[in-house]
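Asker: Structure provided below as structure tokens; questions to follow.
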Amino acid sequence: MADQLTEEQIAEFKEAFSLFDKDGDGTITTKELGTVMRSLGQNPTEAELQDMINEVDTDGNGTIDFPEFLTMMARKMKETDSEEEIREAFRVFDKDGNGFISAAELRHVMTNLGEKLTDEEVDEMIREADTDGDGQVNYEEFVGMMTSK
């Protein structure tokens with residue numbers, strides 16, 4: 001995953017890594033992670049810090065080295081991409097830009113995609129995604145529908 005990063009991104013992450021790696025030994029400990037998190041106004045518990053490290057600590061030595069840090073950053077960037085894709089997809093459906101997808105808008109887009117749906121099928125799709133029951137799909141509901149697969 002880290003191989004999809006540009007040299008510029010890698011250089012930026014190297015700088016960020018150095019900020020975390022207070023003693024410059026090439027690894028980030030829970031203590032160092034805690035220091036940086038607190039300087040950013042966060043107040044993680046020891047257990048939370050351990051969880052954060054364990055999430056990316058692929059060799060299981062209890063610290064994060066630079067390759068592990070890169071993988072973590074690449075993963076975060078990938079998640080952001082898919083969020084942006086979902087936002088774009090929502091805009092495609094939300095023809096009038098009011099922040100909601102109506103049955104008419106859904107039918108219009110599905111028809112353009114070559115999907116001939118009955119009114120009943122369109123209503124059913126709206127009902128499935130419409131968790132607050134207002135008869136249309138807002139962005140949160142759309143995200144829920146897109147990520148529940």
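Glycine residues also receive a Cβ, built from the backbone N, Cα and C atoms like all the rest.
Note that the structure is a prediction, hence the values are computed from the model and not measured.
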Asker: Which candidate from Glu85, Glu105 does Swiss-Prot annotate alongside Asp94, Asp96, Asn98 at the Ca(2+) 3 binding site?
Answerer: Glu105
Asker: In the domain 'EF-hand 4' (117-149), how many residues does DSSP assign to helix, to strand and to coil?
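Answerer: Split into helix, strand and coil, the domain 'EF-hand 4' (117-149) gives 20 helix, 2 strand, 11 coil.
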Asker: Applying a 10 Å Cβ distance cut-off over all chains shown, what neighbour count does Asp59 (Ca(2+) 2 binding site) have?
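Answerer: So the number of other Cβ atoms within 10 Å of Asp59 (Ca(2+) 2 binding site) is 10.
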Asker: Quick one: among the binding-site residues Asn61, Thr63, which has the most Cβ atoms sitting within 10 Å of its own Cβ?
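Answerer: Ranked by Cβ atoms within 10 Å, first place goes to Thr63.
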